[in-house]
Amino acid sequence: MNRKCICDLCSCGKHHCPHLPTKIYEKTEKPCFFSEYTEKYPTYLSYVPRESFKPKLEYQKVNIPMEGLSTTKRDFGTFNIVPVKHHLPEKATPIQDEMDFLTTYNQHYNYCPANRVNPIKPRDNKHQCNDKMECVPTYKADYLPWNQQKRSSIRPPQSYRPASCRFDHRTTHQDDYPIKNPVDTVSYKPPHGPKLCNIPLESMTSYKSSYVAHPMEKRCVYEGEKYKPSEVPFDSLTTHKDSYRGLIGEPAKTWKPAPNHPGLDIPFPSNTEFREKFQPWPTPKIVPKESIAYIPPEGKMDLLTTVQADYKCPNGVPAQSCRPVIHLKKSDRFESSTTNREDFKHWANIRREPVKPNHQLKFSDEPMEYMTTNRAHYVPHAPANTKSCKPTWSGPRVNIPLEGQTTYSTSFTPKEIQRCPASYPEPPGYIFDEVDAVGHRLYRPASGATSQESNHLGFGDA
């Protein structure tokens with residue numbers, strides 16, 4: 001027997017069975033697709049889900065095993081590796097010559113005798129006075145010397161007398177530390193030759209030899225206690241259900257207007273306020289003007305421009321620079337002689353002439369030839385008149401009234417709105433059977449005659 005519940009009988013998506021929260025007393029394999037989300041957000045039959053942008057699995061992997069040879073193994077072969085030859089340094093040989101203790105200063109320094117420099121400042125008075133000046137300074141006139149004995153000097157007497165012989169430039173360090181030749185030491189460093197050992201490596205270690213295996217104890221597995229359901233029946237009563245009782249009220253009335261409006265039978269007026277106030281003006285018919293046929297000139301086209309006709313090549317010389325010559329300030333030589341001036345004489349300062357580029361462009365005396373590539377290869381052609389594919393103008397539009405009919409008004413067929421069978425207290429054509437463990441109110445279909453009569457009920461039946 002095909003039984004249906006309110007969820008299956010509803011055609012508007014607003015009615016469903018009062019589902020219970022849990023079902024622990026009945027074990028059924030039939031899944032229940034009802035949830036809080038499907039209750040609040042019903043599915044729309046007119047909505048089509050969009051296509052997935054996930055790429056399709058068009059590529060199929062070949063079952064042939066992959067070759068172990070790579071590009072590097074195929075293109076690059078093996079080479080015979082030769083051991084690296086290490087360079088052995090040469091033995092150091094001591095120099096037999098004696099070391100000279102001359103410094104860079106003694107080698108490059110040249111002694112120059114010093115001469116007295118003549119005074120640079122001229123004398124104030126050219127005529128010298130030979131008379132002696134007789135005057136006493138203020139210090140000598142005011143301060144007279146005391147008659148005291150001169151104190152003896154505390155400075156020790158100078159007992160050092162420099163030797164008359166020549167200084168031999170020997171130091172204490174040179175006397176105490178003589179020069180020693182380098183000693184050849186024997187190197188105990190092993191040579192860098194490769195050591196190739198053919199003896200295989202022993203895998204036996206001290207850990208393997210001294211390890212003693214002990215038997216493992218069996219692990220104790222704890223079994224979990226089996227679930228025992230409570231004998232007290234579940235009343236499914238919550239604080240919310242206990243405090244707030246639902247009252248049976250009248251069904252909500254729909255505010256949707258009736259589809260058959262009385263004003264839809266009147267034809268739509270095509271005349272508007274704009275058409276009544278602004279009438280079309282009588283415009284005269286436009287006569288198209290005949291185009292004048294193009295007549296090409298008989299002579300050839302003169303390609304000579306105004307610049308080519310009037311320009312003449314001037315055979316002139318480029319202009320010279322008007323920049324004044326910079327005069328160097330020359331002064332008299334300084335009348336003095338120093339060691340630096342005697343060693344470093346003045347250089348002959350000669351003025352360098354400016355570097356002028358050579359004129360590479362040479363203007364010819366012959367007149368300019370105005371023959372170009374366009375003139376040499378240009379062939380005049382007659383212009384081709386293209387045919388216009390633009391449709392002809394049919395004149396001003398005639399005032400034709402607008403048709404009030406549309407495609408929707410001609411092809412629309414009104415249909416009868418049927419009431420949802422789940423909105424009745426008892427669905428017509430079905431008899432209540434039972435309520436299952438989940439909370440679905442199951443109905444079985446009645447006889448065929450009763451179901452046919454109930455299907456023809458209109459929208460106004462209550």
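Yeah, the Cβs are placed from backbone N, Cα and C, and that goes for glycine too.
Feature annotation from Swiss-Prot assigns region 'Mn 1' to 30-64. According to Swiss-Prot, the feature region 'Mn 2' maps to 65-97, an assignment based on similarity to another entry. Taken from Swiss-Prot, the feature region 'Mn 3' covers 98-131. Positions annotated as region 'Mn 4' by Swiss-Prot: 132-165. Look at Swiss-Prot and you will find 166-199 tagged as region 'Mn 5', backed by similarity to another entry. As annotated by Swiss-Prot, region 'Mn 6' applies to 200-232, with the evidence given as similarity to another entry. Here Swiss-Prot flags 233-266 as region 'Mn 7', drawing on similarity to another entry. Under the heading region 'Mn 8', Swiss-Prot lists 267-299, citing similarity to another entry as support. The annotation region 'Mn 9' is assigned in Swiss-Prot to 300-332 on the grounds of similarity to another entry. The region 'Mn 10' annotation in Swiss-Prot covers 333-366 and is backed by similarity to another entry. Summarising the annotation, Swiss-Prot assigns region 'Mn 12' to 367-400, 401-434 and lists similarity to another entry as the type of evidence.
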Averaged pLDDT score, the region 'Mn 9' (300-332): 72
For the region 'Mn 8' (267-299): best-contacting stretch of 65-97, 132-165, 200-232, 333-366, 367-400, by Cβ pairs under 8 Å: 367-400
Residues of the region 'Mn 5' (166-199) by DSSP state, where helix covers H, G and I: 5 helix, 0 strand, 29 coil
